[in-house]
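**Student:** Among the features that TrEMBL reports, compositional bias 'Basic and acidic residues' is placed at 35-51. Look at TrEMBL and you will find 130-306 tagged as domain 'Lipid desaturase'. TrEMBL lists 1-71 with the feature region 'Disordered'. Taken from TrEMBL, the feature transmembrane segment applies to 92-113, 120-143.
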Amino acid sequence: MLPRATALPPGASAGPGRPEPPPIGTEEEQPPRGPEPRGRAMERLPPREEAAGPAGEASEEPEGGSRRWGAQHAGARELAELYSPGKRLQEWISVILCFSLICFNFYNLLFYLRLEHTPSIIVGIFAGVITADFLSGLFHWGADTWGSVELPIIGKAFIRPFREHHIDPTAITRHDFIETNGDNCFMTLVPLANMAYKFVSFSPEALYETCPWECYVFALIIFITMTNQIHKWSHTYFGLPRWVIFLQDWHVILPRKHHRIHHVSPHETYFCITTGWLNYPLEKIGFWRCLENMIQGLTGEKPRADDMKWAQKIK
């Protein structure tokens, strides 16, 4: 069990040899003020202050030694080195195919839209956003909580970024567009290809009838594709376009302060990262905790064990 961090009143000294934590708002990994989603998420603070400046690094000096959180953390460096040329190629191919199919499908959707479809389309788009938010939480929870970087294929390709993100939360802000969005583009290729197949093989009458459903699927795909970019913006505190800040402030996409709650160790809550709309209701019903208890009871595996292993790396 790691020792808990002790909260300091404003202006108090952190003690000899320990730097004072920077003020709230300098970086997204500071625990937010105000109501907590539940007591246990805010009670168990890690032995660190996940606060970083513009350079994106956080520091800690635990008992018996020192450790750099952020890009200088031993586990973060090791995880970053696992990003391979093969992975980079997969991301490039995924992004090119994904956006090509999005353009093709969007053009065809516009061709079959009719004014009488308007109410169904509005409902479909809203449902698509909600579904994307839930799926982002489900996938995020699964990759954060279970599995290992050592797993064949999926370990280094898909679980590695989640382990790196908790140790070096601002690493995502240093990723380019391809590395940020490659995996999400990869996940949408099958539904995008299926939609394109319908547009080239179904009759115009059938496409007219199914147009509202395809609008739901298309909205779902768009928001899934953009989820990691939205996640990146929630960790970016400098240089964001005004329209992105506007969408965050009005909670159309994941706000920065809202996402801070997830980054309070042990990272066991607020997993939805597309809009974050479902985080509070899922937390109130204990959705993630129930799933974890069920899986732990069936398998004996402890939630977030691999995540903690990487966080504790010093050398």
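A Cβ is built for glycine as well, from the same backbone N, Cα and C atoms used for every other residue.
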**Student:** Please indicate, using numbers and ranges, the residues of the same chain that are 6 or more beyond the transmembrane segment (120-143) and have a C-beta under 8 Å from a C-beta there.
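**Tutor:** Here the qualifying positions are 113, 158-159, 162, 211-213, 215-224, 227, 271-279, 282, 288, 291.
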**Student:** Report the mean pLDDT of the predicted model across the domain 'Lipid desaturase' (130-306), rounded to a whole number.
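**Tutor:** A mean pLDDT of 91 is what the predicted model shows over the domain 'Lipid desaturase' (130-306).
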